[in-house]
Amino acid sequence: MKHFLLLLTLFFVAITAKAGLFDKHAPLKVDEAFIFSAEQNQQQVNLHWQIADGYYLYKKEIHVEIANMPVKGIVFPAGESHKDEFFGEVEIFTHHLTLAVPIKDIPNDSQLSISYQGCTEGFCYPPETKLVNIKDVLSKQISSEEQTLSEQDHLAQQLSNSKYSIFWFFILGLGLAFTPCVLPMLPLLSAIVIGHGQRPSTSKALFLSFVYVQGMALTYTLLGLIVALIGLPFQVALQSPYVLIGLSILFIILSLSMFGLFELQLPVAWQTKLTLLSQKQKGGVFSGVFIMGMISGLVASPCTTAPLSGVLLYVAQSGDLLTGGITLYLLALGMGLPLMLITVFGNKILPKSGSWMIIIKELFGFVLLLLPVFLLIRVFPNWEATIIVIWLIAFCCWVSSKRYWVGLLVTFIIFFSVNQFSHFPFTDNSAVGKQKILSTTSFQVVSSYDELQQLLKANPKSIAMLDLYADWCVACKEFEKYTFSDPRVQQNFENILLLQADMTENSSENIQLMKKLNVLGLPTIIFFDQNAQEIENSRITGFMDAESFLKVLKPHLMSRSHNE
């Protein structure tokens with residue numbers, strides 16, 4: 001029954017991966033894809049971009065100005081090389097970007113104008129501009145919800161939502177409590193907390209164990225705050241491929257310790273001194289128990305050193321004191337919860353030691369191996385699928401060593417979930433990618449929303465198609481080169497009024513057009529009926545090959561021809 005439930009769970013996980021990990025989703029809103037914030041740090045303003053997975057910012061499109069003059073002295077970190085079919089080799093930033101803007105010689109009443117532009121696969125956003133008042137940023141953080149020249153009216157408030165991920169660290173701490181290094185120590189720690197006298201009441205035992213855990217949590221929280229304080233230099237360093245590769249190697253080595261190849265712990269001399277100091281504290285007394293908890297947080301366990309290093313990496317990248325403190329506090333709270341339960345209810349609730357504890361430890365090793373996976377994806381974004389599959393193969397081999405037939409079935413399920421993934425870095429399965437025909441489609445240019453309405457109301461064709469295009473939009477060029485040039489598409493275009501709006505410039509007319517049509521980014525293609533109304537569920541965002549485009553186009557043409 002246990003094996004059946006395990007397989008059922010893995011099957012649904014695999015199906016989810018097939019439906020979600022490797023499939024295209026609707027693009028995020030611009031302020032969700034690139035979460036912007038600014039904060040003051042001594043004599044500089046730090047600009048932060050939290051970039052969603054699969055999205056990137058163009059280095060050459062990031063500009064910081066005051067009164068239309070570029071701000072000098074800004075040092076950009078090394079970006080990633082990105083080969084663009086139409087723009088050639090360009091430099092991009094993924095995941096995180098921090099820029100330090102010197103403000104020593106800039107008046108406090110000045111206003112920074114920050115413009116940037118980003119893309120994802122098959123979809124590009126218009127240039128985005130944020131306005132930051134220096135006098136405001138000196139006293140509070142300016143985020144995406146504040147002054148903006150965004151083309152969108154509805155800004156997503158995702159900053160607070162991103163904090164929810166830290167609660168997973170409570171689960172991580174709970175899991176660490178059941179590793180072979182920690183679990184056997186829980187009865188001993190329980191006895192130390194209670195003391196050698198008469199067993200206290202249940203309420204006092206609970207409170208003593210809670211005080212002990214708070215002492216341990218304080219140590220971890222302080223550690224998180226310290227790491228978060230130095231988070232900014234760490235974030236800048238993490239833009240370098242050399243640092244990312246070095247960290248990947250480090251975490252691979254750390255993960256090997258979880259598989260029993262070697263042990264990581266403090267030097268014996270340090271552990272001895274800390275243990276002696278802990279033994280001097282009197283059990284059963286609140287102050288002594290609290291101090292013992294603080295000291296125990298410093299005694300690094302061989303089973304917790306590697307995962308703790310991974311947590312600290314997460315905190316350092318966030319650079320957020322609140323995130324750093326809460327993350328480590330929840331980790332310690334999760335580790336301390338079993339201790340509190342044993343102190344109150346005794347050893348009866350403690351599961352028996354066995355091989356399952358080793359399995360948990362090794363499972364954490366694979367969780368830790370995910371860190372170098374995500375770090376290496378930043379350096380080699382085109383090899384994302386390959387790196388993930390390598391991790392999956394290693395995990396399947398480990399599962400096979402525990403339960404041979406289960407491992408084989410899990411391997412089959414996982415590869416079943418990825419076998420239709422057509423974007424491996426070493427393959428090109430796109431038939432449209434092989435077309436070399438240039439588009440000969442004739443579009444009527446639209447320069448404003450009012451002009452669009454006039455053309456739509458005078459439309460002599462069954463439907464109208466508006467293509468929002470820009471010179472900087474790679475996917476727009478792909479539409480022109482691969483999709484619009486297809487003879488089957490050209491044939492269907494004969495019954496359509498073809499309109500095109502050039503969104504290359506961030507002009508007031510273009511901003512109004514995007515607001516009126518609620519356009520998120522480019523490319524966007526909108527279909528209208530003869531009443532100048534947008535056809536429901538017809539909008540296209542992101543690149544489509546000719547086959548997919550025709551599947552969207554033909555039903556609307558057929559329905560309109562029947563109505564006429």
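Cβ atoms here come from the backbone N, Cα and C positions, even for glycine.
Source: prediction; values computed, not measured.
TrEMBL lists C181-C303 (among others) with the feature disulfide bond.
Every protein chain shown contributes to the tally, and the Cβ of C476 (disulfide bond) ends up with 26 other Cβ atoms within 10 Å. If you look up TrEMBL, you'll see C473-C476 (among others) marked as disulfide bond.
Annotated domain 'Thioredoxin' per TrEMBL: 412-558, in sequence order.
Among the features that TrEMBL reports, signal peptide is placed at 1-19.
The feature transmembrane segment is assigned by TrEMBL to 166-194 (among others).
According to TrEMBL, the feature transmembrane segment maps to 206-230 (among others).
The annotation transmembrane segment is assigned in TrEMBL to 242-262 (among others).
The feature transmembrane segment is assigned by TrEMBL to 283-301 (among others).
Residues annotated as transmembrane segment in TrEMBL: 321-346 (among others).
Per TrEMBL, the feature transmembrane segment maps to 358-377 (among others).
Here TrEMBL flags 383-399 (among others) as transmembrane segment.
For 406-426 (among others), the entry in TrEMBL reads transmembrane segment.
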Within the domain 'Thioredoxin' (412-558), what mean pLDDT does the predicted structure show? 77
Taking the Cβ of C473 (disulfide bond) as centre, how many other Cβ atoms lie within 10 Å? 25
